[in-house]
Each structure stands twice: as C-alpha cells, then as structure tokens.
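Q: Just dropping this structure here.
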Amino acid sequence: MRNQASVIGVIISVIYLQRKCYVSPTFAVQKKKYMKNKFKLNSSTLLVFILTTGVFGIINTEMGVIGILPLIAGNFQVTVPEAGWTVSIFALVVAISAPITPLLFSGINRKKVMILALGLFTLSNIISMMTTNFTVLLISRALPAFLHPVYVSMAFTVAAASLSKEKAPKAVAKVFIGVSAGMVLGVPVTSYIASEVSYSMGMLFFTVVNALVLVATILFVPSMPVKEKLSYGTQLGVLKKKVVWYSILAITLINGALFGFFSYMSDYLKTITGVSYTVISTMLLIYGLANIIGNVIAGKQLAVNPVRSMIMIPLALLTFYIGVFALGEWLMVMAVIILILGILAGYGQNTMQYMITHAAPEAPDFANGLYLLSANLGTTVGAAVCGLFITFFNTRYSVIGSLIFLVLSIVFVVLRIRATQSERQIRMEMAA
C-alpha cells in the first residue's frame, strides 16, 4: 500500500509538473507581451513628455523676452521699441520659414533634426547671455527661429504617430500644453529671474531648459529614420486640395480673432473694465492657465467628434466676444468671460492644428508647417485690424475686429467640413 501510495504520489507530481510546464509557456508569452506593451506605453509617454518640454523650451525662448524688454534696453543702451526687435525678428523669421523648413527637413532622421534644433537653441541662448553687442543679440535670436517650425511641427507629427490614430489627438494635446506653458509661464518666470538677479540669468533660464531637453533627447529618444520619404512635389501637391486652403483660411481667421483681441486685452481691462495692473496680471495668468485646461479638453473631444469641435469653437468665441463688448465694465462678469475665453483659446489651438493635419494626412510635417504659417499670419493681421478699430474708434471696438474674423471663419469652417465629406464620398464611390 505504501508503494502504491508512492507511485500514485509520483504520478500526481508528474501530472502537476506537466500541467505547470504546459501553462508556463503560455503565461510566459502573455507576460512577455504585457511587458512589451507596457514598455511601449512607457516609451511613448516619455517621448511625448520630452517633446512637450522641448516645445516649452522653444516657445519660452521666443516669448520669454517680452517681460524683460526694459532690461534689454538698459543692458544694451537701446530704446524699448528697439529692444522689441528681439521679439519681432524671431516672429518674422518663424513666419517666413514655417512653410519651408519643415518641408526641407521632412526626409531626415527625426532624432537628428531634434538634436540640431535644440543644439542651435542652446548655443544661441548662450551667445545671447554673454554678448554685449545688440546686433549680435538680434542675430542670435534670428538663427534658431529658422528651426522653430521644424521642431514644433515635428513634435506634433511624432507625438501623433506615437499612439494609435484614435488616441493621437490626446498626444498632440499634451504637446500643446508645452506651447501654452511656454507662453504662460515663460514671461513671468523670465521676468522674475531677470529683475531679481540680472538679464544674463534670465537668458540662462532659456539655456538650461533647452540644454536639459537636448540631453534627454540624446539619451532617451530612439533613432527615428523616416521610413517613407516624400518628395517635395508630393508634399506641395496638398496645396491643390480645396480642403487645405479652406483650413488655412479658417485657421488664419480664428487665430486672428484670438490674438487680435488678446494683443489689446491688457489695455481693454485697464481702459474699459477699469482695473489695476495687479488685477490685469492676475487675469492674464488665469487666461493662460485656462489655455492648458482647453488643451486637455480638446485632446479628448477631438478624438470623439472633431466636426463638432470645429463648428463649436468659432461660434462659442463669437458669443463670448459679444459678451466682452457688451459687458466690459463689469469686473466679475469679465473675470468669468476671460476664464472661458482662455479655455476656448487652448481648445481652439488644438482644433486648428487638427483641421490642417487631417486635411493633408499624406504630408504631416508640411501640414504642421502650414498650421504655424497660418497661425502666425492670423496673429499679425488680427493685431493690425483690431488696432485700427482702436485708432479710429476706441479700445472697446477692438473686439469688433475679432467678431468680423470669426463670422468669416465660420464660412470657411463649413466649406472645409463639406469638402472633407465630398472627398470621402468620392473615395467610397471609387471603391464601390
């Protein structure tokens, strides 16, 4: 009986081991697959974080000097308007190069391009920090601006490609947080450092941020060779599509409305609402932080119903700008409106980028370059038109310029949606 029990025990042990051996390979495969997906997820998250921080550093370099123009004027013995060229020359170069440089660099390994752009920004910031010659300062501001559209457009493209098509808007939204943070935090942080320590330390802040992202890119971003190089002709071919031109015009008008009023928001709050500069600074900060909230909301909504977002943005902006015009004297009402406008501005930036990139998905880098061109053109024209209303009437009427832009933008948004539906219908008929 003891021997039989021993034999039975051995048999049970063998069966157990066989069962374990049978299950283990499956479990091992599942575990390996899980770890691979987890690593891929973590890699994508890290990549998007580096891209977001990189965009923050670049936008921070562009916008941060706005808060230290008087210090630049004193440091280089020039007038404040002359110091303003440190902002203007950067914006001018970005506007000129936006449709060109992303196209030229579209076939090069993306990691190498990122390193080149971040390296140039870091070097230029070091020169800006150390030079005592104003001309050299302007040159050091202009040179990295040529690669600004390359890095930003590539960041949008790479972020979108790092996740599935359904989740791509959420990844792009995170990169837009870098844009918003660069605009919101860049000016006050740089202004504080420069005013409390020195101009050079303010420029050092730009340098450190870009240098850290450069190191992170070298260490953690994988090589990203372009698998399918598109010819320049193929990419330029998207300009033959009506939907692309409708998108360009819609973006120019919506961004013109946003930044047309934003350019004179401080003056509006001071003149019409009648608040102190301290309150104005607080409301501008709220507006900027609300941009980030808008970025997050847009990432979720664009993944669900992009058409609704395209229609909603100009209509909502139109409604609240009418509120600004009619209720500008009421502080509490204006505070709420400014908060909502900030959210809509962040939401709108994501929506406009989606509008152009999905109109030309076959040339993502060039499409993002067109987005930057349209947005910058809108900013320039919007500020000029709203400024004319102030010149011929008064500050309250600056909002009228934005309202005109928004009414026109609705026309092109509708045309853009119809053109997309027509293209989809044609493809379905050809496939049938």
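The chain as shown is numbered from 1 upward.
Placed from the backbone N, Cα and C atoms, the Cβ positions cover glycine too.
What TrEMBL records for 46-421 is domain 'Major facilitator superfamily (MFS) profile'. Under the heading transmembrane segment, TrEMBL lists 46-73, 85-106, 113-139, 145-163, 175-195, 201-222, 243-265, 271-290, 302-324, 330-348, 369-393, 399-417.
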Q: May I ask for the residues of the chain that lie six or more residues beyond the transmembrane segment (175-195) and have a Cβ under 8 Å from a Cβ within it?
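A: Apart from its flanks, the transmembrane segment (175-195) reaches 48, 51-68, 71, 152, 155-156, 159, 201-202, 204-206, 285, 288-289, 291-292, 295-296, 298-299, 346, 349-350, 353.
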Q: Given the transmembrane segment (302-324), which of the listed stretches 46-73, 201-222, 271-290, 369-393, 399-417 has the most Cβ pairs that are under 8 Å apart from it?
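A: The stretch I would name here is 399-417.
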Q: Considering only Cβ pairs under 8 Å, which range in 85-106, 145-163, 330-348, 369-393, 399-417 makes the most contacts with the transmembrane segment (243-265)?
A: 369-393
Q: How about long-range neighbours of the transmembrane segment (271-290): same chain, 6 or more residues beyond its ends, C-beta under 8 Å?
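A: For the transmembrane segment (271-290), the list is 180, 183-185, 188, 262, 265, 328-331, 334-335, 338-343, 345-346, 394-396.
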Q: With a cut-off of 8 Å between Cβ atoms, can you find at least three pairs linking the transmembrane segment (369-393) to the transmembrane segment (113-139)? Only pairs 6 or more residues apart in sequence count.
A: no
Q: Looking at the stretches 46-73, 85-106, 145-163, 201-222, which one shares the most CB pairs under 8 Å with the transmembrane segment (113-139)?
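A: That would be 201-222.
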Q: Name the range, of those listed as 46-73, 85-106, 145-163, that has the largest tally of Cβ pairs under 8 Å with the transmembrane segment (201-222).
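A: Ranking 46-73, 85-106, 145-163 by Cβ pairs under 8 Å to the transmembrane segment (201-222) puts 46-73 first.
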Q: Averaged over the whole of the domain 'Major facilitator superfamily (MFS) profile' (46-421), what is the pLDDT?
A: 89
